[in-house]
Amino acid sequence: MHTTYLKNLIGFESLTPQSNGAIEYIDDLLKEHGFKTEVKIFGETEQVTNLYAVYGNSKPNICFVGHVDVVPAGDPNLWHNSNPFKAHEQEGKIYGRGTVDMKGSIACFLAASLDFIKNNTDFVGSISFLLTSDEEGKAKHGTKEMLQYIYNQGHEIDFAIVGEPTCEKEIGDTIKIGRRGSINFKLAVKGLGGHVAYPQKANNPLPCLIRILNELTNIKLDKGTEFFQNSNLEVTNIDVDNNTTNVIPETATVHFNIRFNNLHSAETLAKQVEEIIKQHCQKHKLDYTLEYNSSADSFIQNPNDKIKEFATIVEKTLNIKPNFSTSGGTSDARFVKNYCPLVEFGLLSDTAHKINEYTKISDLQKLYDVYYNFLMETLNVTGSPPLLGMT
């Protein structure tokens, strides 16, 4: 059923932050199978659809956390079937926007959960879903707000699986147990514009900005840690609002981002960056404005018993020993970690957000097997049959 669920989910053009029927489809499906569900819409200008659904009323509560929203698909004519929101199956692969990020893992956990409930009437615990349509965008009214809401209603999650596409070369090779932080900067260096023939009557902000960027981009922020790669600064945009060649610009603006590990905080990095900017601007007798905001702090979890148990299930099911990692961008795991231990585990990441995003059907089966086996091991099923995928 995981392939059917995935094909159905791809059919919803759920561009962030819209559900466009995807969450409603899942809500109806889970209600049909005995889940207690609640759909909440948060936000005023951009309304975000969220779902919490739970089966069972005892502990532990194993929760799948995910998002149905997707990024734009680009030119549809570049896709195999000219329609990125109609699932296309070819040579053992399923193509469509959101296939790996992350409708495929949603489909696998749906199938695993419903099959588990059907096959095991004596299990102890609860299975739940927390889904949003606001992860790829601002992420203000999605998982973060829904977690606050369900905890205020008395719900508690004991362990979460976030279904982001984490694997690198084969299903099972990577489990995320943390993420780098992210901080965005906008720097405007303010000079005095004028004619290029009379530089003595102007103060060009660009030489100062170039020196600032040269120092910032050559800083070795750290050497990384056991689970984190080194922190990294990337310049993303430079603008002087000047298309002519004979005018010295008034202002030079740059945007840059730092992805940082747990050796730093957003505050310490902002202070370090501003000290460098201030020194150069004072030397060139220029003013500046600096804006920054952090969308996520870095975090790392010590692999506890439940995280290790999940890794053991992956290894037993797929005969591959997973690596613990913190690589990649930010995810909603940064909100979940404030409430319970978690792992991020899903499909391969290499086609996420790309034209002709796809997954192998065989990879869907592997992911389904891991999810199903974890439920079998965790929810105290007595006299259970051998785990899926094992001989």
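Note: Cβ is positioned from N, Cα and C throughout, glycine not excepted.
Annotation comment: Swiss-Prot describes His67, Asp101, Glu164 as Zn(2+) 1 binding site, evidence class sequence analysis. Secondary structure from DSSP puts His67 (Zn(2+) 1 binding site) in a beta strand.
According to Swiss-Prot, the active site annotation covers Asp69, on the basis of sequence analysis. Within 10 Å of the C-beta of Asp69 (active site) there are 29 other C-beta atoms, taking all protein chains into account.
Among the features that Swiss-Prot reports, Zn(2+) 2 binding site is placed at Asp101, Glu136, His353, with the record citing sequence analysis. Around Asp101 (Zn(2+) 1 binding site), the C-beta neighbours below 8 angstroms that are at least 6 residues distant in the chain are Val70, Val71, Glu164, Pro165, Ser349, Ala352, His353, Glu357.
Positions annotated as active site, proton acceptor by Swiss-Prot: Glu135. Long-range C-beta contacts of Glu135 (active site, proton acceptor), restricted to its own chain and to partners at least six residues apart, with a cutoff below 8 Å, comprise Thr16, His67, Asp69, Gly142, Thr143, Ser331, Asp332. Taken residue by residue with DSSP, Glu135 (active site, proton acceptor) is part of neither helix nor strand, so it is coil.
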> Out of His67, His353, which of the binding-site residues has the smallest number of neighbouring Cβ atoms within 10 Å?
Replying inline: His353
> Which residues, same chain and not among Asp101, Glu136, His353, have a CB within 8 angstroms of the centroid of the CB atoms at the recorded Zn(2+) 2 site?
Replying inline: Val70, Val71, Gly98, Met102, Ala352
>> With an 8 Å cut-off on Cβ distance to the His67, Asp101, Glu164 Cβ center, who else from the chain surrounds the Zn(2+) 1 site?
In response: Gly66, Met102, Ser105, Glu135, Glu136, Gly163, Pro165, Ser331, Gly346, Ala352
> Which entry in the list of binding-site residues, Glu136, Glu164, has its Cβ near the fewest other Cβ atoms, using 10 Å as the limit?
Replying inline: Glu136
> What does DSSP assign Asp101 (Zn(2+) 1 binding site), in three states?
Replying inline: helix
